[in-house]
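The structure appears right after this line, and notes come after that.
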Amino acid sequence: MKYQVEDESSHLDEMPLMMSEEGFENDESDYHTLPRARISQRRRGLEWFICGGWKFLCTSCSDWLINICRRKKELKARTVWLGCPEKCEEKYPKNAIKNQKYNVFTFIPGVLYEQFKFFLNLYFLVVSCSQFVPALKIGYLYTYWAPLGFVLTVTVVREAVDEFRRYKRDKEMNSQLYSKLTVRGKVQVKSSDIQVGDLIIVEKLDGETDWKLKVAVSCTQRLPALGDLFSINAYVYAQKPQLDIHSFEGTFTREDSDPTVHESLSIENTLWASTVVASGTVIGVVIYTGKETRSVMNTSNPKNKVGLLDLELNQLTKALFLALVALSVVMVTLQGFVGPWYRNLFRFLLLFSYIIPISLRVNLDMGKAAYGWMIMKDDNIPGTVVRTSTIPEELGRLVYLLTDKTGTLTQNEMVFKRLHLGTVSYGTDTMDEIQSHIINSYSQVHSQNSGNSTSSTPSRKPQLSAPKVRKSVSSRIHEAVKAIALCHNVTPVYESRAGVSGETEYAEVDQDFSDENRTYQASSPDEVALVQWTESVGLTLVNRDLTSMQLKTPGGHILTYYILQIFPFTSESKRMGIIVRVILGVFWVLCGNMAREGLRTLVVAKKSLTEEQYQDFESRYNQAKLSIHDRNLKVAAVVESLEREMELLCLTGVEDQLQADVRPTLEMLRNAGIKIWMLTGDKLETATCIAKSSHLVSRTQDVHIFRPVTTRGEAHLELNAFRRKHDCALVVSGDSLEVCLKYYEHEFVELACQCPAVVCCRCSPTQKAHIVKLLQHHTGKRTCAIGDGGNDVSMIQAADCGIGIEGKEGKQASLAADFSITQFKHIGRLLMVHGRNSYKRSAALGQFVMHRGLIISTMQAVFSSVFYFASVPLYQGFLMVGYATIYTMFPVFSLVLDQDVKPEMALLYPELYKDLTKGRSLSFKTFLIWVLISIYQGGILMYGALLLFESEFVHVVAISFTALILTELLMVALTIRTWHWLMVVAEFLSLGCYVASLAFLNEYFGIGRVSFGAFLDVAFITTVTFLWKVSAITVVSCLPLYIIKYLKRKFSPPSYSKLTS
């Protein structure tokens, strides 16, 4: 029994979304009365089977078979012994990356399936096979098999090249060398040979910007030498592999110590695959490998992408097939169903098979290769790589662009821009004033406290002794800069000097405090920007460990502060705090007035505590940390009790620098009718600031921040509130999005699609891909995803067109993408110029190739009807093959060089791109126009030949074929909008080939040799009568179309022609 199970969201019409809050509360029972799943019985029997039941049965059977063949192993938690992979209880997957679509056995079947699932190719396979049946044989076998073989060979070679490239990329990744620690010391192993339980040494590497602080297991820190890791009896118990990249649960147990040591492990004790270490070396035990790593689990399988244009042409070929069948049936009917009529029907089907041209796929595939080559050779977008050669036309049809933030729109490099003290504001041009204030204030402090260099700054408490007195600007700057220099999670790192062992870092005596040798590292780049700024104005962070930090004053004195507590930034508290001996500084992020400029704004405040106050706080804080229930809430409440009656010090503004030309590029894309969604894993405030500074959201536009929702009721109310807003940008977090999609998927997507811009923050990689699929499913429009990191791979692969940027976060995104670029700004030219041209050219090329097949089929139909509906071919063997290849191929293919406007115009007027999304270049309307042209020309050519050559009727083949070739060459000239020298060469080359071949092919020009046996008479062809009659037929077939085109251009010019004139 087939049931359709529908979630309640699909029946939301019954529950009005626009409802007042009171009404909503009264109607609470709605939730209980709406059944969780409605079951509606499907129609059965023949009707159901025809309406798609057969499809359902086929997919069910194939899914069942696939599941049987690929039984998924159940993922379980695991115990991993240190350095002993052989002790693992079960077999874990190999640590190899595999991005290939096929293997040796599936390559040929897979490629053939991908080809023959297209109606066009399947049709040709059937037609070609029919030629092996003697009764149905019409011409030579090669007239059918040669084109089909050529198409398949081109496709197989192209796929093989793509597959080989993927194989080489995988091999490069899998053969990267790592240092593995064994009982015998260090050995080098390939990435693909790493096993669960191995001890891997991770060295310092460069090239990453977003540092996270990681903590080692304390039990193993006390071992004297590396080799002792093998002498202890220890294991890690880890949770089963899962998608969540923000959490990890496990325990470390050492059994051979007394008592047994147990340590809990969390996310801060882990390094995910592809992590790099900022300083020193780390030894890690491998827990997950291959398919079970977080990065691979968050990456979906690459799908075979098929362009919209290919799908549209597939629909048109089906329409042509119906026309072919209808025409054949008409012929047999007019014959009067005499003799073995079904055999005649099949022969007619074969005679007219040129209605569906096999050269369509060859021409389009070669066109795609040409577009790819043009993109890679464009000097204006250097470094661009086309990795998927099958979808360049998609670049011209995009409606939604989904972009990552960090590294894609921004450089992830922070610059300190503004310090605000309430009455005074300092910008980048007045920082030298701050510097002079700091130098003065510290020189005064040190003259007062001479000799007291290690005390924790002057412990004066001006706000207690004289709360009413306004401080001088100098002392306020002093306090503010000191608080900024202390309240952060930044660690200064020094390179070890040559010849000194790595232990130097811990020996302060040997440490090289020179400024050139110091780099700062923190999980948040804006904290680094703040510390770099305090260094630039004279107060330098020189050392930090878990219990203290040291600042160097402009005079070179070292101030030591002891860290008592640190409260890291969380998305709930939106602030960060630190208690050092004497000072407490608490940051909490507010988007104040400066957020208008797109700056990340921080408010800095401080409070002085007595020893008793601190002891009281510490005992309450430790008690809260030990509680089992609501630990986070209790801890937050204790910390909050401190954050009262604080003294406001200053506001700071930090700018996340945008990539080059992001603003003009986004504006161009918006003008082109492309809707831009920003999907980021970053915090809501940061995402909103960047959306404003990049002008993704214009300054005048309202921003609706979707409140956090957790239940269906909250989602309902929030959607109602959002529905009342008009023309405002939407900012929503991943968690709220998840809730909305669970209950109100259709409503949410419908509302979001009306927004000029959407920002989704705190998105996981899987969520990014899910949003892409939602847009495809609900809007049916083409989507493009662009990103630069491994977390964007799923989104890039899910989109109709994926673009990767080679950035600081490595090459993972650019390798998985269909197109790889080096800068975000290149996307403008890629879409406006190359995308537009590829689509326009392919649409013209596809329709012209169809016209070429239709015109010859019309001539065949006229010929057969004149000769008593005989199923005899008009043109034999090589003429048919030559017609589709050597005689017309070059001019027709030269359409891939055509362009309606110059690239500069396309970039200057992005509005031209808007027209493309409506798909007017290739539609049933344009297709019908071409069909009518083909019928008119085919009729004129054949009837003209029959009328003018009544006396020399035997020469009708030579006459009509010559006129046909000339007509095709003139039609190409009619279609071209901008001439290229290669187009002229192609026209004359084809004409030359035809004239030259007349000498060799005279045997073919006897009309249907079977019936007439007449041969070409060279003397006849060179007569003036032959030439003027052929010219007359050609002029009658083409001149009216030239006149129509001229009148249309004059009275109803297309949008682009207004720009070119």
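Keep in mind that glycine also has a Cβ here, set from the backbone N, Cα and C atoms.
Quick look at what TrEMBL annotates:
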- Asp404, Thr406, Asp788, Asp792: Mg(2+) binding site (BINDING)
- Asp404, Lys405, Thr406, Glu527, Phe569, Arg600, Thr680, Gly681, Asp682, Arg762, Lys768, Asn791, Asp792: ATP binding site (BINDING)
- 815-1053: domain 'P-type ATPase C-terminal' (DOMAIN)
- 142-161: transmembrane segment (TRANSMEM)
- 319-339: transmembrane segment (TRANSMEM)
- 849-871: transmembrane segment (TRANSMEM)
- 877-897: transmembrane segment (TRANSMEM)
- 927-947: transmembrane segment (TRANSMEM)
- 953-974: transmembrane segment (TRANSMEM)
- 981-1000: transmembrane segment (TRANSMEM)
- 1020-1044: transmembrane segment (TRANSMEM)
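Sequence features, as recorded in TrEMBL, placed on the structure.
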residue : record              : Cβ within 10 Å
Asp404  : Mg(2+) binding site : 29
Thr406  : Mg(2+) binding site : 26
Phe569  : ATP binding site    : 19
Thr680  : ATP binding site    : 27
Asp682  : ATP binding site    : 22
Lys768  : ATP binding site    : 28
Asp788  : Mg(2+) binding site : 30
Asp792  : Mg(2+) binding site : 33
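Between the transmembrane segment (877-897) and the listed ranges 927-947, 953-974, 981-1000, 1020-1044, the one holding the most Cβ pairs under 8 Å is 981-1000. When the binding-site residues Asp404, Thr406, Asp788, Asp792 are ranked by how far their Cα is from the Cα of Thr680 (ATP binding site), Asp404 comes first. Within the same chain, residues 882, 886-891, 893-894, 897-898, 962, 965, 969, 972-973, 1016, 1018, 1021 sit at least 6 positions outside the transmembrane segment (981-1000) and bring their C-beta atoms closer than 8 Å to a C-beta of that stretch. Most Cβ pairs under 8 Å to the transmembrane segment (319-339), among the stretches 142-161, 849-871, 927-947, 953-974, belong to 849-871. Across the domain 'P-type ATPase C-terminal' (815-1053), the model assigns an average pLDDT of 86. Away from its own ends, the transmembrane segment (849-871) comes close to residues 316, 320, 324, 327, 331-332, 334-335, 344, 347-348, 351-352, 354-357, 359-360, 363, 880, 883-884, 888, 892, 927, 930-931, 933-935, 937-939, 941-943, 946, 960, 964, 967-968, 971 of its chain (Cβ-Cβ under 8 Å, at least six residues beyond either end). Relative to Asp792 (Mg(2+) binding site), the binding-site residues with Cα atoms inside 10 Å are Lys768, the candidates having been Phe569, Asp682, Lys768. Restricting the binding-site residues Asp404, Thr406, Asp788 to those with a CA within 10 Å of the CA of Lys768 (ATP binding site) leaves Asp404, listed by sequence position. Distance between Cα atoms for Phe569 (ATP binding site) and Thr406 (Mg(2+) binding site): 19 Å, as a whole number.
Asp682 (ATP binding site) sits 10 Å from Asp404 (Mg(2+) binding site), taking the Cα positions as reference.
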